[in-house]
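A.B. asks: Below is the structure I would like to discuss, written out as structure tokens.
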């Protein structure tokens, strides 16, 4: 997705330090950012925020964190949070490689990876969010029985992710090779997913966990 630069977005985000971390001020004590101590779910690459704001509204008993590096997109997430008055959703404007700077070991219960950039060129494989470097970060911050929920319309990225996760010692608890052929009432659509599923695009989804250390 090509993001159109919006020069005013950064100042707009900075005007809401209670909702958006722009400078790492909450790094290492994310739990203190919320009104209540509850399980933490994060979405990496939230886009315009339809998925995570819907989820946060449905589950007030869970604290959500949206991690998005594009300021020119994150302002739309902020708008939705303000409109719905979601006290259980905060935002981090940074790259996923910085995850362990923000979250303590074993602090996160679930990670959502929705329609991540597939980086189709082989030389860019290290940038994929299911490359082993990122998986190591996820394992570090997830609780022992924590989950990764992954969706994509890119068959190549799905195949890569299955192999990468398997090689890293993960196992799959659920898998859909054509998600919208199955009537899953719990599935929350992202803006991207809604657009392409209406065109008949196949959506791949899986849930995975790390094997427990012996």
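Cβ coordinates come from backbone N, Cα and C, glycine included.
Predicted, not measured: the structure shown is a model, and the values here were computed from it.
Below are the features listed in TrEMBL for this protein:
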type	residues	note
BINDING	43, 68, 95, 117	S-adenosyl-L-methionine binding site
BINDING	121, 153, 190, 191, 192, 193	substrate binding site
A.B. asks: Compute the C-alpha separation of residue 117 (S-adenosyl-L-methionine binding site) from residue 153 (substrate binding site), stating it in Å without decimals.
C.D. replies: 10
A.B. asks: DSSP on residue 43 (S-adenosyl-L-methionine binding site), three-state: which is it?
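C.D. replies: Once the DSSP labels are grouped into three classes, residue 43 (S-adenosyl-L-methionine binding site) ends up as strand.
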A.B. asks: Could you check what DSSP calls residue 190 (substrate binding site) once collapsed to helix, strand or coil?
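C.D. replies: SS state of residue 190 (substrate binding site) = coil.
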A.B. asks: Minimum Cβ neighbour count within 10 Å among the binding-site residues 68, 191: which residue?
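C.D. replies: Comparing Cβ neighbours within 10 Å for the binding-site residues 68, 191, 191 has the fewest.
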A.B. asks: Between all pairs in 43, 68, 95, 117 (listed as S-adenosyl-L-methionine binders), what's the biggest Cα distance, rounded to the nearest Å?
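C.D. replies: It comes out at 14 Å between the most distant Cα atoms.
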A.B. asks: In angstrom units, rounded to an integer, how far apart are the Cα atoms of residue 191 (substrate binding site) and residue 43 (S-adenosyl-L-methionine binding site)?
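C.D. replies: Each residue's Cα considered, residue 191 (substrate binding site) and residue 43 (S-adenosyl-L-methionine binding site) end up 14 Å apart.
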A.B. asks: Out of 43, 68, 95, point to the one nearest residue 190 (substrate binding site) in space (Cα versus Cα); all of them are binding-site residues in the record.
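C.D. replies: Going through 43, 68, 95 one by one, the closest to residue 190 (substrate binding site) is 43.
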A.B. asks: If you measure from the Cα of residue 193 (substrate binding site), which of the binding-site residues 43, 68, 95 is the nearest?
C.D. replies: 43
A.B. asks: Can you tell me how far the Cα of residue 192 (substrate binding site) sits from the Cα of residue 43 (S-adenosyl-L-methionine binding site), in Å?
C.D. replies: 15
A.B. asks: When you measure from the Cβ of residue 153 (substrate binding site), which residues in the chain that are at least 6 apart have a Cβ under 8 Å away?
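C.D. replies: The answer is 115, 192, 193, 196, 201, 202, 203, 204.
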A.B. asks: If you measure residue 68 (S-adenosyl-L-methionine binding site) to residue 121 (substrate binding site) at Cα, how many Å is it?
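C.D. replies: That comes out at 22 Å between the alpha carbons.
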A.B. asks: Just name the most isolated of the binding-site residues 43, 117, 193, going by other Cβ atoms within 10 Å of its Cβ.
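C.D. replies: Among the binding-site residues 43, 117, 193, the lowest count of other Cβ atoms within 10 Å belongs to 117.
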